[in-house]
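Student: Structure provided below as structure tokens; questions to follow.
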Amino acid sequence: MNGTEGPFFYIPMVNTTGVVRSPYEYPQYYLVNPAAYACLGAYMFFLILVGFPVNFLTLYVTLEHKKLRTPLNYILLNLAVADLFMVFGGFTTTIYTSMHGYFVLGRLGCNIEGFFATLGGEIALWSLVVLAIERWVVVCKPISNFRFGENHAIMGVAFTWFMASACAVPPLVGWSRYIPEGMQCSCGIDYYTRAEGFNNESFVIYMFTVHFCIPLAVVGFCYGRLLCAVKEAAAAQQESETTQRAEREVSRMVVIMVIGFLVCWLPYASVAWYIFTHQGSEFGPLFMTIPAFFAKSSSIYNPMIYICMNKQFRHCMITTLCCGKNPFEEEEGASTTKTEASSVSSSSVSPA
């Protein structure tokens, strides 16, 4: 084994020289240069500095503007709440621990940080899945005479919390566990060991299948069908410049949304699966830290893609920030043209 396993931790370094110490008790500067911990703390501070205002503004603007409080926007508020969970439950903790060079909050703190970071990330993940399903149902109309209402939106939000809890709670009660990972300043699910009594193997397989492969397949299917519907509408109305413009805009949005999903989750899931299937192989502390950066940064680019790209949200945000006036109102209004002749429009399938 090219690492050192201890009670509730795994250090990616063989203890041949006797320098390896518990990440709950001693600085881990023997793993990487102390400057790396400063960079980690600075990155977390940047995520908080940008992620908190954007997501908080989303909630505030929705409360202030009644026209935003529609069932189709409930899942976006849920996404903002999930990102705030990651900001307060994960990023603030990592700043504090990176300043010390180890997980100074102990075993209980590791469980709390790991739980909130996982819960927030999973709520965000399943919010994107529900969002894709909602757009597919509204635009492609696979169910005739179906009208999306408030009860459906609430069920969608409840579903995201149920699925997120189904991933974040088990490690607290004995099915897998939370341990320090990467540079040992943040905690995550144990992909690294086959510790007796925790059934890590079955949990990782369950998580990879249910909480990555299935969401990826659903998002791909829904946006693929949506894109086909938009292109069919555009082909049927080739003489309409409005329809052609809507088709191009929607296609661009779909591509951005799928790429954003993959950038967020593919690196982390791939590395976690590699570590799990190659336990005992040699890898450095940055091997898991860097992919985690992509997943954590979703608290910034998720609202940018799914909220700020939505014309209605963007207009209300600018109005709120500019004390009730939108200096770009003419430009915003001109770009909200909808296709009357078809059931597909850029506003109905936009990220919000």
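Note: Cβ is positioned from N, Cα and C throughout, glycine not excepted.
Features from Swiss-Prot:
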type	residues	note
DISULFID	CYS110-CYS187	disulfide bond
LIPID	CYS322	S-palmitoyl cysteine
LIPID	CYS323	S-palmitoyl cysteine
MOD_RES	LYS296	N6-(retinylidene)lysine
TOPO_DOM	1-36	topological domain 'Extracellular'
TOPO_DOM	97-110	topological domain 'Extracellular'
TOPO_DOM	174-202	topological domain 'Extracellular'
TOPO_DOM	275-286	topological domain 'Extracellular'
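Walk me through where these features lie, including what they touch and how far apart they are.
Tutor: Secondary structure at CYS187 (disulfide bond), taken from DSSP and collapsed to helix, strand or coil, is strand. Proximity of CYS187 (disulfide bond) to non-local residues of its own chain (separation of 6 or more, Cβ distance below 8 Å) is seen for PHE103, CYS110, ASN111, GLU113, GLY114, ALA117, TYR178, ILE179, PRO180, GLU181, given in sequence order.
Note on CYS322 (S-palmitoyl cysteine): other Cβ atoms within 10 Å of its Cβ, all shown chains, come to 12. According to DSSP, CYS322 (S-palmitoyl cysteine) is assigned to coil rather than to any helix or strand.
Less than 8 angstroms from the CB of CYS323 (S-palmitoyl cysteine) sits no same-chain residue that is six or more residues away.
Annotation note: LYS296 (N6-(retinylidene)lysine) sits in a helical segment as assigned by DSSP. Within 10 Å of the C-beta atom of LYS296 (N6-(retinylidene)lysine) sit 24 other C-beta atoms, taking all shown protein chains into account.
Counting residues 6+ beyond its ends, the topological domain 'Extracellular' (1-36) has Cβ neighbours under 8 Å at 100-104, 106-107, 110, 177, 179-180, 183-185, 190, 192-193, 195, 279-287 in the same chain.
Under DSSP, residues within the topological domain 'Extracellular' (97-110) fall into helix, strand and coil as 9 helix, 0 strand, 5 coil.
Mean pLDDT for the topological domain 'Extracellular' (174-202) in this predicted model: 92.
Summarised by DSSP class, the composition of the topological domain 'Extracellular' (275-286) is 4 helix, 0 strand, 8 coil.
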Student: Run through the topological domain 'Extracellular' (1-36) and tell me, per DSSP, how many residues are helix, strand and coil.
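Tutor: Counts, helix then strand then coil: 3 helix, 6 strand, 27 coil.
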Student: To the nearest whole angstrom, state the Cα distance for the pair CYS322 (S-palmitoyl cysteine) and LYS296 (N6-(retinylidene)lysine).
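Tutor: Checking the Cα atoms of CYS322 (S-palmitoyl cysteine) and LYS296 (N6-(retinylidene)lysine) gives a distance of 30 Å.
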